[in-house]
Amino acid sequence: MRPLGESDPTEVGQYRVLAELGRGGMGRVLLGNGPDGRLVAVKLVREIFAEDDGFRERFRREVTHSRRVSGAYTAPVIDADPDAPTPWLASAFVIGPSLQQAVETGGVLPEEPALRLAAGLAAALAEVHRAGLVHRDLKPANVLLAEDGPRVIDFGIARATDTDTGESQLTHTGWLVGSPPYMSPEHVDGRELTPASDVFSLGSVLVMGCTGTSPFAGSSPPQTLYRVVHADPDLSALPARVRRIAAACLAKDPSERPDLDRLREMIGDIAASARPWPARVHKLIADQRAEIARVLDPTGAQTVDSSAGAPTMAATRPQPVPPSSSDDQPPAEPATKAAVPALRRYRTFAIIGTLSMLVAVVAVIWAVVQSSRSPSHTSAADDTTTPTTSSSQQTTPTTSSSQQTTPTTSSGQQTTRPIGPESWNNSSTDQTPFTQDALLPQRFTNDKGIEFARVAGGVQPCDEAASGDGPQAGSDVVTELTSRGCAQVMAGVYLEQPGPYATPDNPVLVAVSVFAFADKATADNVYTYLTGTTNARWNLSTWCTQTGPGRNPCLPGISHGLRYQHTRVSGRYVIAAVSNRTDLSNDSTIGPWLSSAAAKAANSSGPQNHDGN
């Protein structure tokens, strides 16, 4: 959740705007307060669409369809104005993380919560279908985990199944409507969509909730779409009861999938529970409620207990922390370390048979979107690609993200003297704490206009900061670092956020390492060692999330694609950032985009993030 800027609207219709909740390809979502005191999520359409009369007509029709939907497991549309200068709609605001956020930051769902999720999704889809609609875009990001159960949101591309006589797809040139990992086979093939299509998507969402990934995820959108149509999903990791339900939902033939009545029978009765989700999810809910309270009353007169009785998590599990800048930003979790292997070529994937033309068309559609991103200049001299080497094994450090101490800073005595860049040159004068928020930005936007959010982070021991998969022996690099006073490293993981130029299914990941040394002379010496003839910077570790697409670069035994790296010195700090795309692409045309992400991440990290500086 972000505070409003000077150019942001203060009112939309009858709603007073309080903050920005997030942004996406169609526009942005604002937190609003109605005259009756009710909180709403106001979706403002991007100006480029507002100028399209055809879009306005489709938007008006979609609003009409969406207002038919109600029910305990939906967030109903309660107001809209498709004829406003900037079209908007308002839906009931639901406190709770999306399933995507909950899994990426807190881990997968056990069997009972997964069955509760399935039951809630089935109930929500029953309301959608009762209104004569097909949702068409059911995915983890469109499922909120509220305190009393799930909520299905975003009917922006819902389609009427019987009354819609005009153009039914809310599309724009170059867009692929829907989310490839959660589409049904008939959706991919361009065939008629029915309620059975939503049942297929429900099965995919359920698998993601229990495993952390879509059952059809591929290394590229065309490959994902091919797998949706042709591949049998691997459901072996699912609990037995969940596996039976998912397998039925994911039948390729729509006629073989259970209808919602049959699906509810398969799920069975769900016991009532005051806390239906794992404790870590309720912690996220409580933290978000506290954030809302701070927005409503900055003076602190309103108080919200964010602890909610949640037990302390084990150090090896993701440990959510309160979001501080955006509702759509997952709280930080301990970073998983993997040594970063160098570039390795992928085998070409040839699609044979009747689907080849379909996938080729989809690839062209995707290329239209990507072509708008194509850069015309090369990367900076300090950003280089990697030489060829082998991949690495994943290791999970045992250091908890809550251990945020710094042996290299000063004694911490109170001082009233000014603090600034000059003080960063020596540990005796530097007052910057060795914490995530002091050294790592919550968000940054690179020179391509793409926003990145910190999704994981924490202190790791220095002996985890390098591996042997670069040009040097990993132990030699660690020895060089520790001999210069390195005891620990601040690790941060950033993921590309949705936006007009983003790749939502294959976001770019940037891993940042911040080292603190006794003084600037030592930092300069370390920088020379890392970037000189040894090229040891390629031995520095990549940090990953433990679940979701952010874990891909750390998976063992795979190629890790094209990477770019940027290293700099800021006072006594050495800051290194490495970027690659989470689909592990080695397409050279994305190089400038990776270069821009790594450079901005490195330049945005460092002691300048500390409020006291």
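Note that Cβ sites are derived from N, Cα and C of the backbone, with glycine treated the same way.
Note: TrEMBL annotation is automatic and uncurated.
The shown structure was predicted, so the numbers you read here are calculated from the model rather than taken from an experiment.
Taken from TrEMBL, the feature ATP binding site covers Lys43. Annotation comment: TrEMBL describes 372-383, 423-434 as compositional bias 'Polar residues'. Under the heading compositional bias 'Low complexity', TrEMBL lists 384-416. Look at TrEMBL and you will find 15-285 tagged as domain 'Protein kinase'. Per TrEMBL, the feature region 'Disordered' maps to 300-337, 372-434. The transmembrane segment annotation in TrEMBL covers 349-369.
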TODO: May I have the DSSP-based helix, strand and coil counts for the residues of the compositional bias 'Polar residues' (423-434)?
DONE: 3 helix, 1 strand, 8 coil
Open item on the list: Return the count of C-beta atoms lying within 10 angstroms of the C-beta of Lys43 (ATP binding site), excluding that atom itself.
Closed with: 22
Task: Confidence summary (mean pLDDT) of the domain 'Protein kinase' (15-285) - done: 86
